[in-house]
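First comes the structure, then the notes that go with it.
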Amino acid sequence: MGDWGFLSALLDKVQSHSTVIGKIWMSVLFIFRILVLGAGAENVWGDERSNLVCNTNTPGCDNLCYDWQFPISHIRFWVMQIIFISTPTLVYLGHVVHIIHQENKQRELLKSNPMAKSPKYTDENGKVEIKGSMLGSYLTQLFIKIILEVAFIVGQYYLFGFIIDHKFICERSPCMRAECFVSRPTEKSIFIIFMLVVACVSLALNVLEIFYLLCRRISRRSKKCRQAMYNGESRYPGHFTTELESMNGMRHNEFNVAFQNKWSQRKGSLDAAKPEA
């Protein structure tokens with residue numbers, strides 16, 4: 001686990017600049033990926049090559065058949081997966097550190113020059129609010145993590161599958177049709193399924209976090225619009241009432257004019273008809 005210390009320390013710093021769902025994703029990464037992989041994977045997969053037995057006398061067939069069946073070790077594959085999945089988060093952390101550094105300078109400048117621009121993304125405690133360019137950066141790293149998660153899940157399926165059989169038929173020359181037997185296939189299959197479930201949970205959390213951020217942004221915008229409308233009504237309380245009254249008055253006047261014109265026409269026709277009688 002000592003090899004994971006540096007990565008864990010970096011990812012731990014991201015938690016204070018993430019949403020609630022992002023913190024849950026980080027916990028899943030720490031506990032169910034890094035911790036489980038570091039503590040249990042070596043015990044389960046430590047004998048994957050040494051205990052592979054093929055029923056052939058051809059020298060080197062054990063190595064050839066193992067390389068044919070498992071192009072990359074499961075442990076190395078999962079280590080690569082964790083590193084690639086964590087990279088977008090670390091890039092986002094770099095962006096956060098840059099923003100904090102820039103706004104600390106602005107805060108110092110604000111003390112000597114009250115007319116200077118106020119910090120936009122951070123408060124006095126250095127806590128970052130996810131909005132504007134920070135929101136774009138956060139959503140970008142989420143989309144990249146989703147793509148990488150899907151790519152590794154599909155890649156694992158095509159490389160190994162999700163279940164390990166107790167034996168396989170080697171198809172690599174000169175060991176064609178040799179039967180090879182894998183040690184502890186059930187235990188390995190359970191571990192593979194566990195890591196697959198964790199990857200799917202991480203993927204679902206990333207998708208859920210995107211919807212959460214978008215819904216929160218929409219909610220904030222609608223709240224600002226309602227606040228702006230309220231401020232406009234409170235600033236000009238009689239404006240909307242006066243406008244409505246004026247419109248009603250105009251309609252009433254138009255109705256009166258039309259009625260008078262029609263009455264004048266009828267009266268004129270009656271006056272014209274009297275001499276003839």
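Just so it is clear, glycine is given a Cβ too, placed from its N, Cα and C backbone atoms.
Relative to the membrane, Swiss-Prot puts Ser18 on the other side from Thr186. Within the set Cys180, Cys200, Swiss-Prot assigns Cys180 as the partner of Cys170, by disulphide bond. With helix defined as DSSP H, G or I and strand as E or B, the topological domain 'Extracellular' (41-76) counts 17 helix, 2 strand, 17 coil. The average per-residue pLDDT of the prediction over the topological domain 'Extracellular' (41-76) is 82, rounded to a whole number.
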